[in-house]
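In Swiss-Prot this protein carries:
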- HIS117: active site, pros-phosphohistidine intermediate (ACT_SITE)
- LYS11, PHE59, ARG87, THR93, ARG104, ASN114: ATP binding site (BINDING)
Amino acid sequence: MVAERTFLAIKPDGVQRGLVGEILSRFERKGFKLIALKQLIPSRALAEQHYGVHRERPFFKGLVDFITSGPVIAMIWEGEGVILGARKLIGSTKPLDADPGTIRGDLAIDIGRNVIHGSDGPETASFEIGLWFESSELSDWNPSDQLWRVE
């Protein structure tokens with residue numbers, strides 16, 4: 001059985017501010033498994049597909065401009081309950097509403113510069129994983145401490 005997977009992306013503000021290591025470590029400490037990671041500057045076409053659900057909203061162009069403005073760290077994480085678990089680690093979309101201890105609660109203050117993106121459900125995760133990664137880019141491996149993380 002394949003464990004649940006989710007797509008996460010550290011946005012250009014998180015990369016530029018040197019937050020990549022801290023953000024990665026939060027997911028590792030939680031016990032989720034990183035199965036794919038790459039750094040890229042997304043093309044406009046990729047960004048427009050990724051944010052396609054917002055195409056008719058007034059902030060769409062700004063969102064696409066921002067996500068294509070610099071490097072992004074695109075990742076796939078795997079584990080039991082990883083989609084909901086990642087959303088809880090990330091915190092509210094609006095950083096000022098995010099709880100202390102969450103990534104956005106601790107590291108962001110503006111909704112337009114909220115450091116990280118995370119898939120909001122299984123269908124979205126599947127779509128985003130397929131959009132950002134080829135299947136050949138995923139690593140299937142078992143951490144040596146796996147028996148100590150889940151029953």
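Just so you know, glycine gets a Cβ as well, placed from its N, Cα and C.
Annotation for LYS11 (ATP binding site): same-chain Cβ neighbours under 8 Å, separated by at least 6 residues, are PHE66, ILE67, VAL72, ARG113, ASN114, VAL115, ILE116, HIS117. DSSP assigns THR93 (ATP binding site) to coil, not to a helix or a strand.
In the three-state DSSP scheme, LYS11 (ATP binding site) is classed as coil. Taking every protein chain shown into account, ARG87, HIS117 are the recorded positions, and of these the Cβ with the most other Cβ atoms within 10 Å belongs to HIS117. In the structure shown, the C-beta of ASN114 has more C-beta neighbours within 10 angstroms than that of any other entry among the binding-site residues THR93, ASN114.
Neighbour density for PHE59 (ATP binding site): within 10 A of its CB lie 12 other CB atoms from the protein chains shown.
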